[in-house]
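Record features, source Swiss-Prot:
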TOPO_DOM  30-210  topological domain 'Extracellular'
DISULFID  Cys44-Cys58  disulfide bond
DISULFID  Cys59-Cys72  disulfide bond
DISULFID  Cys62-Cys81  disulfide bond
DISULFID  Cys84-Cys99  disulfide bond
DISULFID  Cys102-Cys117  disulfide bond
DISULFID  Cys105-Cys125  disulfide bond
DISULFID  Cys127-Cys143  disulfide bond
DISULFID  Cys146-Cys158  disulfide bond
DISULFID  Cys149-Cys166  disulfide bond
DISULFID  Cys168-Cys179  disulfide bond
DISULFID  Cys182-Cys194  disulfide bond
DISULFID  Cys185-Cys190  disulfide bond
TOPO_DOM  234-471  topological domain 'Cytoplasmic'
REGION    340-360  region 'N-SMase activation domain (NSD)'
DOMAIN    372-457  domain 'Death'
Amino acid sequence: MGLPTVPGLLLPLVLPALLADVYPAGVQGLVPHPGDLEKRESPCPQGKYNHPQNSTICCTKCHKGTYLYNDCPGPGRDTDCRVCAPGTYTALENHLRRCLSCSRCRDEMFQVEISPCVVDRDTVCGCRKNQYREYWGETGFRCLNCSLCPNGTVNIPCQERQDTICHCHMGFFLKGAKCISCHDCKNKECEKLCPTRPSTGKDSQDPGTTVLLPLVIVFGLCLASFASVVLACRYQRWKPKLYSIICGQSTLVKEGEPELLVPAPGFNPTTTICFSSTPSSSPVSIPPYISCDRSNFGAVASPSSETAPPHLKAGPILPGPPASTHLCTPGPPASTHLCTPGPPASTHLCTPVQKWEASAPSAPDQLADADPATLYAVVDGVPPSRWKELVRRLGLSEHEIERLELENGRHLREAQYSMLAAWRRRTPRREATLELLGRVLRDMDLLGCLENIEEALGGAARLASEPRLLW
């Protein structure tokens, strides 16, 4: 028969045997042996331990950095201790049978090695600068960056085991260690931390202002546009290009320039032509011959096949046709218009018919001068690239040139004709001669063009001979 089973006595007998099998000899110094539980009140002083085979013997413990190799052989004898091998350590006095393995810092937790492992100290791991430790359990931790408190100020700086504590600005609330905008508040907890939102300007704006403001802007723009138009029509320096479009007038007269000759109301359509008796003529040096082939500038219609269009609001450009022209000749009052001396203020006086007949060219030449074909011959004889130079030399201003170009649009030939006609109207009658045009063309080295104009006029008279009036 076996031993009687007594529940109260079985556990103390079985437990030491189980513990002896579970705990190996290498960890006997770390985990107390079951027999030590009964011998805690051992007479061994501090720094010594009971001999495992003889409880009456007290052996000295090994210093840190060493481990127990053999127990002391007897009382008063030294314990055999050995130094820990590399990669192992013991940090306290002990009677361990082997040293403990050194720990390693964990890179996945962003740990860094503060100090390496030595025989009497384990590896010391920590965090980098501006990081703190977030622990789980007693020893495990990971490193996290300290909060910089954006949208707030630092209340308590970052420490080894604690993140920065921030104080948020107005309009932000603290969530964890970050200041979050109150616009992102979606629960009642953050509503307690966020102040009441002030009403925006749009909510408090008067509804009448929304309607009145656009009206004020539109009225201001209209007023500015009207003032610009008035200034453009009033001041001379803005007139040249805008005067004829905005103000409805096409003729500009500058101060100091002769006024354009415009027929008075009720003027008889039949024109009385009066010529100066003393046209000016002076010898002119002839420059070298320069070819002036008009074919390079495009085909131009024959002067005799076209007539000048009426000038826009500027009065008649040319005299009437030869059939309606009355010359200053003696005759009965019912058939002709006699030229009589004008008032003293008049600058152009008609000469007696007998004296004019003695000094003026023949009637065909006069009619040719008064015919629009004469001006068209000059227009067709001068290259378009040199035309503005010609009218500038004749005394036409830049504003007048630009205005006539603007009025005639893309009709270059009609614009040139209008420039020449404007020069005729502004020039005294005794000076507006073909001889003057000839001198200007010679100064421009366009002698070939001058010959072409003479040929176009039929060769009845040379431009260098007796002056021929363009009136």
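In case you wondered, yes, glycine gets a Cβ from its N, Cα and C as well.
What Swiss-Prot annotates, mapped onto the structure for a quick look.
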{"residue": "Cys44", "record": "disulfide bond", "Cβ within 10 Å": "17"}
{"residue": "Cys81", "record": "disulfide bond", "Cβ within 10 Å": "18"}
{"residue": "Cys84", "record": "disulfide bond", "Cβ within 10 Å": "21"}
{"residue": "Cys105", "record": "disulfide bond", "Cβ within 10 Å": "15"}
{"residue": "Cys117", "record": "disulfide bond", "Cβ within 10 Å": "19"}
{"residue": "Cys127", "record": "disulfide bond", "Cβ within 10 Å": "21"}
{"residue": "Cys143", "record": "disulfide bond", "Cβ within 10 Å": "18"}
{"residue": "Cys158", "record": "disulfide bond", "Cβ within 10 Å": "20"}
{"residue": "Cys179", "record": "disulfide bond", "Cβ within 10 Å": "21"}
{"residue": "Cys190", "record": "disulfide bond", "Cβ within 10 Å": "16"}
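Listed disulfide-bonded residues near Cys168 (disulfide bond): Cys149 (candidates Cys117, Cys149, Cys190; Cα-Cα distance within 10 Å). Separating the Cα atoms of Cys149 (disulfide bond) and Cys102 (disulfide bond) is a whole-number distance of 38 Å. Distance between Cα atoms for Cys182 (disulfide bond) and Cys190 (disulfide bond): 8 Å, as a whole number. Cys190 (disulfide bond) falls within a helix when secondary structure is assigned with DSSP.
In three-state terms derived from DSSP, Cys182 (disulfide bond) belongs to a helical segment. In this structure the alpha carbons, written CA, of Cys72 (disulfide bond) and Cys99 (disulfide bond) are 19 Å apart. Looking at Cys158 (disulfide bond) and Cys59 (disulfide bond), their Cα atoms lie 49 Å from each other. Candidates Cys99, Cys102, Cys125, Cys127, Cys194 (disulfide-bonded residues) were compared with Cys185 (disulfide bond); those inside 10 Å Cα-Cα are Cys194. Residue pair Cys143 (disulfide bond) / Cys84 (disulfide bond) shows a Cα separation of 31 Å. With all protein chains in the displayed structure included, the most crowded Cβ environment within 10 Å among the disulfide-bonded residues Cys72, Cys168, Cys185 is that of Cys168.
Counting residue by residue with DSSP, the domain 'Death' (372-457) contains 66 helix, 1 strand, 19 coil.
Cys59 (disulfide bond) and Cys44 (disulfide bond) are 8 Å apart (CA-CA, integer value).
Counting neighbouring Cβ atoms within 10 Å of each of the disulfide-bonded residues (Cys99, Cys125), the lowest count belongs to Cys125. Comparing local CB density within 10 A for the disulfide-bonded residues Cys58, Cys166, Cys182, Cys194, the maximum falls on Cys166.
Recorded residues Cys81 (disulfide bond) and Cys99 (disulfide bond) have their alpha carbons 11 Å apart, per Cα-Cα distance. Note: the Cα of Cys84 (disulfide bond) and the Cα of Cys102 (disulfide bond) are spaced 11 Å from each other.
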